[in-house]
Amino acid sequence: MTFMDWIEMFLPCCRWIRTYRWREYFQVDLMAGTTVGIMLVPQAMSYAKLAGLEPIYGLYSGFVPIFIYAIFGSSRQLAIGPVALVSLLVSNVLSAIADSSDALYTELAILLALMVGILECIMGLLRLGWLIRFISHSVISGFTTASAIVIALSQAKYFLGYEIDRSSEIVPIIKSIISGADEFSWPPFVMGSIILAILQTMKHLGKSRKHLRFLRAMGPLTAVVLGTTFIKIYHPSSITLVGDIPQGLPSFSIPTSFQYVKSLIPTAFLITGVAILESVGIAKALAAKNGYELDSNQELFGLGVSNIFGSFFSSYPTTGSFSRSAVNHESGAKTGLSGIITGIIMGCALLFLTPLFEYIPQCALAAIVVSAVISLVDYEEAIFLWGVDKKDFLLWTVTTTTTLFLGIEIGVLVGVGVSLAFVIHESANPHIAVLGRLPGTTVYRNIQQYPEAYTYNGIVIVRIDAPIYFANISYIKDRLREYEVVVDKSTRRGPEVERIYFVILEMAPVTYIDSSAVQALKDLHHEYKSRDIQIAISNPNREVLLTLSKSGVVELIGKEWYFVRVHDAVQVCLQHVQSIKEASKASDPSPEEKPSFFQRLLKQRGEDSLVAELESGNNTPSDLIHGDPHLEPLLFRNS
């Protein structure tokens, strides 16, 4: 790596700064950054309220982290800041430790940002992002769907006009809503419903019509302006307002209350997982659309650094936002400069606009949150999974149900646990196929998928479609024994013999074999040998063949029983089946002198030493082809 490569690795912003085209990029970056900034200001206050914090901390979280990410982040279109799902997770864990009105609650939220940032940096530097691949998409979809429902219900108190218990479970929230119904207030419900309807209409028009795309980003600002205007004109006493918001930029401070670190670790891991799944996934998709490469581990490091620096300026955990990133991309953002412009707008809002925010109705901010999370209810994914894969649908249903009724942490643990159980089950019970030859070809395929494929008497060809290791070798051995005993229903050709004499293992799909599997192959060879059955191995890859060679399996089975193609193995085995049939027709010697199968095989090889070449099957001599319509000896003697 050159010196510049090292700089670009730690400061990805250098990549777009070196190649920045001011005439082409600046105007679209300015427009995109301004659009996202207008969208972020009201959203940040709304998500802070969802997290149980004062609105000012949402504005702080949308300020410093954006500038840091523009320097260390590798995505040029990802818009980071407060998001609904992380805000719910923060509220869920902190409400069990402190009351949201206490100063400790705010301190812990800031400390959580520091912990999440450190975890993200560690995972990025150690390149551990691959761990999240074990979480199924069905689990993610089910988790976000349940979380979106809980988030929407948690905002009901601002619509209904009375307090509702804070919980991550759906039952206590619904009970609280029903028990307080006598305190219902019409004004906030009507205002909140109207603003929500306006937001949904603007979002729909912005998505469906290109020339109205700006409406999607203007929705939150419109909600705030309409709500504030109504309050200024009519001064309704029954509608609660945001209240006084401190003016000015956040000051530097180091997070405190480190004695609570231990209780925050699970949530920090969970938020980090959400960051990897959401942010990195969005960033990679946007990078592919805009024609540049993105390293997910470097992206994770950039998110971590932005959270660490953000915690020093009163920020709670932030990550990439799907909705704002989509708006940023659709607005034409080319580089990280759009993020810097968004940060400048947030800074201006903190310096000059906070006095105006005092009159924003709480129900307007709640409507912004509900509008944002409605799109997270992924019922279309459930319908798709029902039609495609019932197992994934079950996984989606289990995750959604447990998250709704048992809480976020239990829901995630159950979903991940069931997902891993499915992975282990699939790995321990791999797909194994009996192969047959397609008529007129030298190609061998699964006889269940291709009923026209035919097999040969005395030979069974088995393909193992997975790595062979300690967890699945027992299952594979059991299946091989079944194939030896159970006769398949496909068309059989070749010499008529009463049992199986050869088992050909097609090992092209086998990418790995461990020591347990090697020992099992040795045992299987001895077991087969005691019953006069020979193993032949076809097309093992280099690593597998090297393992078999080092362990002595190659010498044990015999080098002559390793083949490049299944067809080559069938030719050799078919010839020996024919010789066995011919030998069985001769008079049987006395039991004391009767040779074993391998002795007969050795004798036949000595007599047939001129047979040295494997043919494709199309060059079989006409006298053999027309002699027996069911016999296709793929080897013949050189004349």
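Here the Cβ of each residue, glycine as well, is placed from N, Cα and C on the backbone.
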Segment assigned the feature transmembrane segment in TrEMBL (from 25-44, 145-164):
25-44
Top stretch among 56-72, 79-98, 336-357 for CB pairs under 8 A with the transmembrane segment (104-126)?
79-98
Is the transmembrane segment (264-287) packed against any residues at least 6 beyond its ends, judged by a Cβ distance under 8 Å, and which are they?
74-78, 80, 83, 85-86, 89-90, 92-93, 108, 111-112, 115-116, 119-120, 123, 129, 132, 135, 140, 293-294, 296, 299-300, 303, 317, 319-320, 322, 325, 329, 408-409, 412
Confidence summary (mean pLDDT) of the domain 'STAS' (449-573):
89
Of the listed stretches (25-44, 79-98, 214-234, 393-424), which one yields the highest count of Cβ-Cβ distances below 8 Å with the transmembrane segment (336-357)?
25-44
For the transmembrane segment (214-234), sequence-distant contacts whose Cβ falls under 8 Å of one of its Cβ atoms, 6 or more beyond its ends:
35-36, 38-39, 41-43, 46, 191, 195, 198-199, 202-203, 205-207, 241, 327, 330-331, 356, 359-361, 363-365, 367-368, 371
